[in-house]
Structures are given as C-alpha cells and as structure tokens.
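Enquirer: Before anything else, here's the structure in question.
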Amino acid sequence: MEIDDKQNPNPNSTISPPVLVPQIAPIEPQIPLIPTGILPPIAPIPRPLAPIPSIRPPNGDTAKKTTEGADSDDEGDDSGPEYEVSEESRLFREKQEKAKQDFLMKQRAAALAVPTNDRAVRSRLRRLGEPVTLFGEREMERRDRLRMIMAKLDSEGQLERLMKVLEEEEAAVNAVAMEDGGGEDEGEAIEYPFYTEGSVALLKARYAIAKDSLVKAAMRLERARRKRDDPDEDLDAEINWALDNAKSFGLDCSEIGDVRPLAGCSFSYDGKFLATCSLTGVAKIWSMPGVNIVSSLRGHAERATDVKFSPTNDHIATASADRTAKLWNTEGTLLTTYKGHLDRLARVAFHPSGKYLGTTSFDKTWRLWDTETGEELLLQEGHSRSVYGLAFHPDGSLAASCGLDALARVWDLRSGRSILALEGHVKPVFGVSFSPNGYHLATGGEDNTCRIWDLRKKRSLYTIPAHANLISDIKFEPQEGYFLVTASYDMTAKIWSSRDFKPVKVLSGHEAKVTSVDVVADGQSIATVSHDRTIKLWSSKNVEKDKSMDVD
C-alpha cells in the first residue's frame, strides 16, 4: 500500500484491485528517474561492466591488481584477504631451494671432465689456490673435491679463471716436453688421459676372457636350443622334479664351526669339501658329508669375512678385515697374499675359469687379481660407497657388483665398461648372483627384498618380499638355476622357485643371524653358517629315498 499511496496522491479516487496489479509491475522503467548515486534497496543489481570497488582497506597495490574484464570478478581472486608467508613456510622454501641448488651443482659437476691421475689432480688444486690434500683424504675423495670446486667456479661465473688454470697446465706440460727434447706431438702425448691406463697383463687377461667366454656362450646357447627343439625334453616336468626335491630339504647335519660367529661358507667344485671362515680370522676345511675337519687356514691378522673354493681345483681364497686376501690349498698351505686394498675386504669370488680372483672392499672399489702370479690386474671404481658383493657370469664375460650405495652394477670384463646400473633397492645391497641361464640376476639387501633382474630387458623382473630382516647372501642353484636360496638375519634361509619366484621351503633351525649360504654343484645339498657358530647341512630327502630304492 505504500507504493499505492505514492502512485495515487488523491485519496478519494477509487481504483479496482484488478487495475492495481499492472500499475505495480513496471518498476524498472522508473529507475532512470532516480538521482545518480542513490540505489534503491529493492532494485536488482545488474551485472557491472566496470570493476566493483574492493571492500579491503585502501591500498594502491591491491587496486592495481584488479582486472578490467568481467572474468576476474567471477574468479574472486581480488576480493579475498591477503596472507602473509609464515616463518615455517619460508624456511621450508629456503630448504627446498637449497636442495635444488645442490642437485644442480652435482649435476653440473658430473658433466665436468676431471683427470684420474692423482698427480694431475694435485697440480690443478694447487693452481686453483686450494689445499692440495686434506687430512686423511684419499685419491678418490681428492678427485671428488676437485670436481665440486670446478663446478662451483663454473656456476659462479668464474669460468675464465678455470680456463686460465687449464691453459697454464697445458703450457706447463708442453714446456716439460720441450725440455726433454720432444716436439709438439710428444707434448700432446704426455697429457694425462681421462681414463685409467691398464697394464699389458690386463690386456692379455681381457683377450683370454673374451676367447673363453665366447666358447662357453656358444655352448650354453646350443644347449638351450637343443632343449627347446627336442620333443623328448619336458622343461616343466624337469623344473617340477627339481622343486619337489627342494621341498623335501631337511636338516641333515649341524656342527659347531668355531668359537666365534661364522661369516662365510663355500662348497668345493666336486662337493667333497666345505670351507668356512669366522671372526677369529681362521678358515677351516671340512669333509663332506660327515662335516669332519680336515685342516685350518691360519694367517689373517683380523677377522675373516669370506671364503670361496676355486671352480676348477682345490684352491681356497679368503678375505679379511686386515685388507688382504689369501690363496690356500686344502692342506692349509698359504700360496699367495693379495695386497692393495685401502680398507677392509667384504667378499671374494673366483672367475669361472679359475684364473682370476675378484675382491670387494670398503674402499669403494673391487679388484681383479691373477691367481697364478698374484698381480693386481684391475682396480675398478664406480660405486659411491663401499662395495660388498661380487659375482661372475657363468660364461665369464660379465661381473656384477653391489654395495652400500643401493646399486648393483654389471661390468663387461672384455672392455672394462659398466654396461648396466640396476637401481631399485632403497637400502644397501649385500648379495648378488647370476643364474645359469645367463640372463637372470638376483640381488638381495637391507630392504629385506630380493630382486630378479632380466639383463635382456635391462629392468627388474620381479621383487620378492623375502624376509623379515636384511638378506645377507643369495645363491642360484648352480646346475640349471631352477631355484635360488636366500640367507637372512631373521635366522632363516629360504628356497624360491625361479619359474614364478614363489616360496618353496623355509630352512629354519639357526638361533642367530644367517650370514652365508652355498649350494653344492648338483643342487642336492645346501650349507648355511650363522652367528650362532654352527654349520648346518640341508639335504634332499627324495634323493635319499631314490638311493635306498636303488640299493633294494
């Protein structure tokens, strides 16, 4: 009725209700008559073409942020309050930025060429005005320090200073060459190469390894083709028979091996002997299958960390924390001592030919030795942390190493190149083993998992959540590779099928950490050693039944 009074100033006039409704409807046409600047409270607000003034306190910066388009009003970015960055968020951003810069610095350093010769590294450090060596610094650490210094100079824009140092080095080398009476060609020949020069003995060893591996690879492939094409060959039945034997494995013998925890074990190539070593530094030879002691190998000054039988004769190699490896015969006579590592040794492994011995060490290297002459043939760097495990391909062409950097690397012994870096483990890797089929590699480590790698596809084929504690050792069955065995600090060893990598048998009986495992050549016996100081021999009950039936 208020609207009706405003529209009809004469109160005596009577208007019927049906006429009143059309007079109320046209409210919008009357809006232009209202003075500018006064908005009626009941009028609908149309979509503005110009930006609506911000409700925030007057601030010149925020006024500039408003956009002139209508889309900015729909987003509502300008209408919200401004937030201040907290101290915690700022510190997190700074930490993130620092980590990014460190990563970029390492990436830049990895692309720089740094001399491998220690004399050249010292000379370059001296010319850059840096300490030539630090207390306790080794050659690899000095080289890494030079690499980071060069990367820092490059990132700070001091490339001219770096180039000047390189020019001075080149001039000094050429000057030495001219003083010796040589020409420009000889000066160029004296420059330090960016690789480690090998000896003539290493070159001969590479030729011998290549020649021997080609023959073995051809025989392995021919055997695989014959199995595939022969209609009488039933591979599944053969695998099932091997797995049935593995399921029947039981404890056959348990013997106290030493007064201190045992660290390693290894069968001889014919299965007649078993070698063990312990933290006392003594290795022992036992006769099989009675596990009777034959001889003791005494000579290490520190604890023994591993022991291996040669695949071709009765020689035994031992590794120790005294930084040496030693070669013995079964009578206990010391044949050769291998010296050269800068830190304690972890594992040893024989090349399939029996002519070469590989050792791993906590000095971040593994080395290859000539078993006949005792000469060090190869010092192989490549791991960023200690190297622990080592295994050779059945053909002898490849070597696989693993270590505390959570990596496994595959090396071509014929060329010396690292052909594969297997990344997947998240913690240190302690065990590595090649399958007799030639293309599967198993690794186990502190992340409690066993990974199966396919060398043809260059990737992880399967991950086995194997144990409740770290895996200390791993071995494929050496004859056909139909199963593999893992040893763990959870006091058990386990057998796994190599067909589908499912569990076959749990060998439980040790009362402490199981440190090492080995499988006899015919795959019918397994030996484990532990910190409980015992040697346990596990044998297949099916084989015993077959023998008894043959006797009957």
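Every residue gets a Cβ built from N, Cα and C, even glycine.
What TrEMBL lists as region 'Disordered' is 1-92. Among the features that TrEMBL reports, compositional bias 'Low complexity' is placed at 30-40. Annotated compositional bias 'Pro residues' per TrEMBL: 41-56, in sequence order. The compositional bias 'Acidic residues' annotation in TrEMBL covers 70-86. Here TrEMBL flags 116-169 as domain 'Pre-mRNA processing factor 4 (PRP4)-like'. TrEMBL lists 152-179 with the feature coiled coil. Sequence annotations record features per position, and here TrEMBL assigns repeat 'WD' to 297-331, 338-379, 380-421, 422-463, 464-506, 507-548.
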Enquirer: Please indicate, using numbers and ranges, the residues of the same chain that are 6 or more beyond the repeat 'WD' (464-506) and have a C-beta under 8 Å from a C-beta there.
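Expert: Residues packing against the repeat 'WD' (464-506) from afar: 238-239, 242-243, 246-247, 249, 427, 430-437, 440, 442-452, 512-519, 521-523, 526, 528, 530, 538.
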Enquirer: Based on DSSP, tally up the residues of the repeat 'WD' (380-421) by helix, strand and coil.
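Expert: Summed over the repeat 'WD' (380-421), the classes give 0 helix, 24 strand, 18 coil.
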Enquirer: Helix, strand, coil residue numbers for the repeat 'WD' (464-506) per DSSP?
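Expert: So the counts come to 0 helix, 24 strand, 19 coil.
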Enquirer: If you average pLDDT over the repeat 'WD' (464-506), what do you get?
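Expert: Computed over the repeat 'WD' (464-506), the mean pLDDT is 95 on the 0 to 100 scale.
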